[in-house]
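To start, the structure under review is shown below, and the notes come after it.
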Amino acid sequence: MGQEVSSVNNTKNEHHKTNKKSLKGGNERHEMKESSVGISKKIVENSFNNSKLRPGMFIQNSNVVFNEQYKGIKILGKGSFGEVILSRDKHTGHEYAIKVISKKHVKRKTDKESLLREVELLKMLDHINIMKLYEFFEDNNYYYLVSDVYTGGELFDEIISRKRFYEIDAARIIKQILSGITYMHKNNVVHRDLKPENILLETKNKEDMIIKIIDFGLSTHFEYSKKMKDKIGTAYYIAPDVLHGTYDEKCDIWSCGVILYILLSGCPPFNGSNEYDILKKVEAGKYTFDLPQFKKISDKAKDLIKKMLMYTSAVRISARDALEHEWIKMMTSKDNLNIDIPSLELSIANIRQFQSTQKLAQAALLYMGSKLTTIDETKELTKIFKKMDKNGDGQLDRNELIIGYKELLKLKGEDTSDLDNAAIEYEVDQILNSIDLDQNGYIEYSEFLTVSIDRKLLLSTERLEKAFKLFDKDGSGKISANELAQLFGLSDVSSECWKTVLKEVDQNNDGEIDFKEFRDMLVKLCNY
């Protein structure tokens, strides 16, 4: 450059050339900047649209104040760490069981870790037979865990009341427990404290007898290639391999075997006058069917117990194989779910019309479907889901959807004889692509509820307002780019990029979403 401008006579011309070069370079930089912004927008748009939605993403340690959000009605139970209070949501009128844990009793680091681990596990688990966590928050003195109200009491109390169960009832209960455990093990979660006290009955209805697995304080993630070593559990139900300090997820199956033995006989297989005696018998692993109660129990039922109580974990039956056991299939094959046809017709219509690529709308609907519905409102849909869930693992795969969809169409009265398999498979694939919100290849329970529930019921003003408040973290009356970024785990993305992503929802182009825009988005999606 110095050589080019060495002559005074050339200075003007060269200065002109230099300015042209600078201008050209500036344009290039400007174009590069625009290109970079465009790429960033495309990246966030792709990241946003490919976000995996699960109900657990809505459970955050929020700034809810108990007395502002809920009205305590009565104490349902007390424990060493706190109490469970029947409470009513002041905005929706829904009732919940809220576990209130005093921070005075959670001073040890291990206790707090156990509580937070339980919350994290419940956030990721989505199954009919596993306790549903709606909300988790804290104040200076307490932790609060908000869940459904289960009015049927503990399975333990039902055993005490009945003494023992008929085989068909025992099979229905153990099938549900195994369904929950199959789902947990598939998601690399082991419970480690299965017992009748940790299994609740959803309602007092003795015919349906829907169970819920609770208390995940001792639960943890596991790896199939690694053994666990912590010696934890309850004496009657603990597996011998846990006592030996080297075990895997099949410790849960041993506990299921003990529970089934108790359901059929009314007494535990490993008994003793104190905990030491019980543990010695567990360690020996010897039990007997030589009891009067077992004289009328079928060999097939005993066979399942034997396979569950195999001393060596490597040869112990898995949860999935136990679900497929001949005795369970035989005992539950004639279960009649008595599906309400109008509810069936409405759910099929809703599933067929659900087509959305708008991620925010999907997230809002998933929150409303999974967190703002009651047991009574979803009772018929639960029956439909269970009818479609052929292998009982609490998820619907493609094959189950194809078979179940045909059955439901027949129940609804449609003639499926003219529909070829290719047409049904195409429709099922469309459904799977639309409602598999976490993109794992299965339809989870909450996903099914979200797309099949009555839209008029779901989109009530009270529920819309509560859903809006979930996204509007600061209570400003508008959902900002930053609030969405936090919810979707994309906090490092600029607000300009979010405006591009949200342009189809943001009607007034202010870069935020107000309640009217939020409501219109959902109404448009649901054709309501």
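Just so you know, glycine gets a Cβ as well, placed from its N, Cα and C.
The annotation compositional bias 'Basic residues' is assigned in Swiss-Prot to 14-23.
What Swiss-Prot records for 71-329 is domain 'Protein kinase'.
The Cβ of Gly82 (ATP binding site) lies under 8 Å from the Cβ of Lys99, Val100, Ile101, Ser102, His105, Tyr142, each on the same chain and at least six residues away in sequence. Residues annotated as ATP binding site in Swiss-Prot, with sequence analysis given as evidence: Leu76, Gly77, Lys78, Gly79, Ser80, Phe81, Gly82, Glu83, Val84, Lys99.
As annotated by Swiss-Prot, region 'J domain' applies to 350-386, with the evidence given as experimental evidence. Distant neighbours of the region 'J domain' (350-386): 48-49, 51, 53-55, 57-58, 92, 94, 126, 128, 132, 134-135, 148-149, 202-203, 210, 337-340, 343-344, 396, 408, 427, 431, 434-435, 437, 445-455, 457-459, 463-464, 466-467, 470-471, 484, 487-488, 502, 504-505, 513, 518, 521-522, 525-527; these residues of the same chain sit at least 6 beyond its ends, with a Cβ under 8 Å from one of its Cβ atoms.
Across the domain 'EF-hand 1' (376-411), DSSP helix (H, G, I), strand (E, B) and coil residues number 24 helix, 1 strand, 11 coil. Residues or ranges marked as domain 'EF-hand 1' by Swiss-Prot on the basis of sequence analysis: 376-411.
The Ca(2+) 1 binding site annotation in Swiss-Prot covers Asp389, Asn391, Asp393, Gln395, Glu400. In the shown protein chains, 18 other C-beta atoms lie within 10 A of the C-beta of Glu400 (Ca(2+) 1 binding site).
Around the Cβ of Asp438 (Ca(2+) 2 binding site), a 10 Å sphere holds 19 further Cβ atoms from the protein chains shown. Feature annotation from Swiss-Prot assigns Ca(2+) 2 binding site to Asp436, Asp438, Asn440, Tyr442, Glu447.
Look at Swiss-Prot and you will find 459-494 tagged as domain 'EF-hand 3', backed by sequence analysis.
Here Swiss-Prot flags Asp472, Asp474, Ser476, Lys478, Glu483 as Ca(2+) 3 binding site, drawing on sequence analysis. Reduced to three states, the DSSP call for Asp472 (Ca(2+) 3 binding site) is coil.
The Ca(2+) 4 binding site annotation in Swiss-Prot covers Asp506, Asn508, Asp510, Glu512, Glu517 and rests on sequence analysis. According to DSSP, Asn508 (Ca(2+) 4 binding site) is assigned to coil rather than to any helix or strand. Listed in sequence order, Asp514, Glu517 are the same-chain residues six or more apart from Asn508 (Ca(2+) 4 binding site) with CB atoms under 8 A from its CB.
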Additional residues surrounding ATP, by Cβ distance to the Leu76, Gly77, Lys78, Gly79, Ser80, Phe81, Gly82, Glu83, Val84, Lys99 centre under 8 Å: Val100, Ile101
So if I draw a 10 Å sphere around the Cβ of Asn391 (Ca(2+) 1 binding site), how many other Cβ atoms end up inside it? 15
As a whole number of Å, the Cα atom of Ser80 (ATP binding site) is distant from the Cα atom of Asn440 (Ca(2+) 2 binding site) by 39
Run through Val84, Tyr442, Glu483, Asp506, Glu512 for me and report the binding-site residues whose CA is within 10 Å of the CA of Gln395 (Ca(2+) 1 binding site), in sequence order. Tyr442
Starting from the Cβ of Lys478 (Ca(2+) 3 binding site), draw a 10 Å sphere and report how many other Cβ atoms land inside it. 19
